[in-house]
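Some notes on the structure that comes next.
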Amino acid sequence: MLEHFFECYSDLSGLIPCPVLGSITPLFIPNSRIRPIRLIGLCASLITFLYPPVPRIQFDPSTAKSQFVESLRWLPYENIHFSMGIDGLSLFFVILTTFLIPICISVGWSGMRSFGKEYITASLIREFLMIAVSRMLDPLLFYVLPESVPIPMFKPPTGGPPSSSSRVWGSRQRKIKAAYQFFLYTSLGSVFMLLAIPLILLQTGTTDSQILLTTEFSERRQIFLWIASFASFAVKVPMVPVHIWLPEAHVEAPTAGSVILAGIPLKLGTYGFLRFSIPMFPEATLRSTPFIYTPSAIAIIYTPSTTSRQIDLKKIIAYSPVAHMNLVTIDLVGVEVYDVILEYSSMTRGERCATQNGSRHLCKKFRGLQISDTTIDPTERNDQKKKWSSIPPMSSHGLVPPALFLCVGVLYDRHQTRLVRYYGGSVSTMPNLPTISFSSTLANMSSPGTSSFLGEFPISVGAFQRNSLVATLAALGMILGAAYSLWLYNRAVSGNFKPDFLHKFSDPNGREVSIFLPFLVGGATVR
């Protein structure tokens, strides 16, 4: 029995059941016993967090194949498999998800007095869904699972107690509207992808991504399928003009909701591009490059400009993920990807199936799989290291904005307001929090030495080689982003002390400092 346990542990079989069992167990405990409910949720999330380091150690970076594959034929008459695996891209998402969920549970520890059972259950169900999304190898299930992620965050009005994190633990009266916007935008945008999946199934007879990567679609069909997937993933990035739901959702959500929203769901759009759209429809991607560059460049300029007009601390921070993630989308069709698409497009179907320089080579490029130094010729190592520039900014973005949201949450817990005009001079009354927020602000500005700089600077350099105008606009947006970051820090931390509005001052306690530490270390060291 012990051998079976270690076998399950090593092949990730328990990565999915852990959060599921953790979300079910509190349902049998009375709401009055909030302490065991919290402990069960925290322990379940920590046990889940202990799983990813095992495949990270056993992971073979010399192959583009998915590893730790588990397959279940659940619709045999349609040749649709419940297939999950891990590669270099999905491993990053799994680790980030399991890292953030225990922190989100710890953030709501003291405020988990009403609907504590629902809070723990919703958090662990979100973790299960996001892990399953990251490991899913089937486009049909990849559609179903991301559309299930908003469900624990939203529940329509009923006669019973609500369970939406935005509706129950939100901070203002507009939280119901924000929950509806979040749900409707993400769901309606994905309808186009739902229309594309049957078309893929009719041509190929399967939704197995490994087979689809070697399937040759006609150019016209590729364009149609690419547009359908683009409409779905653009909402999740989000790209302009379908970004309106994000600032409203961040503002109305509790601190833990903002942390997890900025950390994982916003990456699903770029993950979908890297996993499915670009590898499966390379010719359409090549032709549709302007449709990626244009809204991305507009978003990078627009969001810092509109941020300067905001008066809410959380809404100011909420706009920064839009600019950062649109910078990542520019890199999706960077110069290296452009060269690989041209190479792939010139191959015949037989060459793609017969040679490892075809689809598997393409998979390595688009999945961001880390290549072992032992498998690369020394003369190619520097070139290889330049090709994985989409992963570092996403990993940094999974840490920096959540840390800023935590800083705002600490202020809101003490003063019950997020309006900028009420703050000022806190450096003299709460010295530790300004120090923490300054570190996160530097990372948000992509200052040299921070993880954001290591991710975004190579993107800017690569963009100049492909399109100097887009790169110039992106660089200008980064400058504007640094300007509003410094403006916000100066208004909230420096300036004159305002005792007429703020009366209670206390630095972060031990629990809050322990929550900040992983973000501070990661924001400075993630590569």
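Heads up, the Cβ atoms here are built off N, Cα and C, so glycines get one too.
Given the ranges 258-278, 279-299, 405-425, the record in TrEMBL names 258-278 as transmembrane segment. Under the criterion of 3 or more C-beta pairs below 8 Å, with sequence separation of 6 or more, the transmembrane segment (258-278) and the transmembrane segment (182-202) do not qualify as touching, having fewer than 3 such pairs.
Applying DSSP to the domain 'NADH:quinone oxidoreductase/Mrp antiporter transmembrane' (393-475) sorts its residues as follows: 64 helix, 1 strand, 18 coil. Listed by sequence, the residues of this chain that lie at least six past the ends of the transmembrane segment (182-202) yet keep a Cβ under 8 A from its Cβ atoms are 78, 80, 139-140, 143, 146-147, 150, 153-154, 166, 212, 221, 224-225, 227-229, 231-232, 234-236, 238, 242, 244-245, 248-249.
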